[in-house]
Structure formats: structure tokens, C-alpha cells
Amino acid sequence: MEPPMKDQELFDSMCEKLYSAVISDTLDQLGYRNQVMRENINPIDPTWIVAGRAKTILSVDIHHLPEDPYTKEIEAVDSVKPGEIVIGCTNESRQNGLWGELLSTASKMRGGRGAIVDGLIRDTAKILELGFPVFATGTKPVDSQGRGIVIDYDIPVLCGGVMVHPGDVIFGDRDGIVVIPGAIIDEVFQLAMDKVTRENHTRDELLEGYTLRQVYDKYGVL
């Protein structure tokens, strides 16, 4: 196996060369069979592809106006590091838009690579203009104040049905979001690249007229 790449190079290569299906297949091969978030979390621009380390944030619903509603939220966003993707866990809340333009701007300026929220967001036109990849279940223009509050960050969270630990590698595209345990990212990358090569050979030979059985027996991929 080749030596591990630095994060920036790795994430750029993943976005350029890989896709969620091949990464999911690779994790299946290694015995990790519940690593894809629910299918209702989608990019607001379907062309966006993201890869980065998980920066987890936990928000809960509230029904009162707290004295200081944004303390943990501001701390969390201001502590984003280059190469991180914010994972906003709301337990699929429908009360408010957790994420918006200003949090996206602050995260981008700190080197963040995107945000994935298992709930709602707002300011989508401004986020699209900013070009900061954000995935969510939908939109709602309602502010979080008095409706939701960030209570912790940099902790394990259950997002989209998958347990995400800080430092896990996240890959997202229009087909879905895959969570790769941080300890196995180099192995997953190498195996996924090998599968892409075999899929490319399979496609080429199908276009030459070989049967699916012939190319499957040769390359072992579908």
C-alpha cells in the first residue's frame, strides 16, 4: 500500500476520482455496512462533491428564549479547522434552519470544506453564491433562536442514521453521504481507487460488445 497522503491532497483526490457508491462498496467489503446517511440529506447544488474530516455539532429543540442562545454555536464554528466538514446533528428537527449564510461564510474563511445537516437550513441563495457546499434535508427561513440551540460539539453524534466521530472522513455527492472511520481512510482510498480502475475496464469492454457475464467474471465488479 502506498504511504498515506496529507489530508488536503487526499480530499482533493477523493473529490476528483471517487464517488459515493464506490466508497460505500469498499466499506461493505471491509465489513462496515452501515456507513451511508439517510437518502433525504442532499446537496443544495447537485454538482457539489465534498470530502473532509468531521467537525460535529449537536443541536436540540427548545421552546423558550435562552439568555445566551448562540454561545456554543459560535464556539463551534470559530473552532473549525482547515479540511473539516461541519456535521450538524439536529435529530432531524423541523423547527428551524440550523445553518445559513453567515455560518457558511465563517466556516469557509476558516478552511472548512462544507456542512452536512440532518435537518433544515436557510439562506440557500447566498450559500449558492458563496459556493460553500451544504447538504440538508430541506429549507426553512425560521431562525434558531428560541427554537433550537447548540449544546455541544466535537463529540460523537448520530447523523442521518450513522454514528459520526470527530475526525472521521466524510464524502458526499448527489447520490449520498458516506462516513469513513478515520482509522481506515488510507486503506479505503486505495481499495476504492482499485475498484474504480476495474469498473472503468468493465465499462470499456461492455462498450466493445463483451457480455456482462464475461466482464464480471474477469473483473468482479458491478
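Cβ coordinates are placed from backbone N, Cα and C, and glycine is handled just like the others.
What TrEMBL says about this one:
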type: BINDING; residues: Gly100, Glu101, Leu102, Leu103, Arg122, Asp123; note: substrate binding site
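Here Leu102 (substrate binding site) comes close to Asp123: these same-chain residues lie at least six apart in sequence, with C-beta atoms under 8 angstroms from its C-beta.
Cβ proximity to the substrate site centre (mean Cβ of Gly100, Glu101, Leu102, Leu103, Arg122, Asp123, cutoff 8 Å) flags the following additional same-chain residues: Gly97, Trp99, Ser104, Thr105, Ile121, Lys126, Ile127.
Of all residue pairs in Gly100, Glu101, Leu102, Leu103, Arg122, Asp123, the annotated binders of substrate, the farthest apart have Cα atoms separated by 11 Å. There are 19 other CB atoms within 10 A of the CB of Glu101 (substrate binding site), with all protein chains counted. In the structure shown, across all protein chains, Leu103 is the one of the binding-site residues Leu103, Asp123 with the greatest number of other Cβ atoms within 10 Å. Secondary structure at Gly100 (substrate binding site), as computed by DSSP, is coil. Using a 10 Å Cβ-Cβ cutoff, Gly100 (substrate binding site) registers 20 neighbours.
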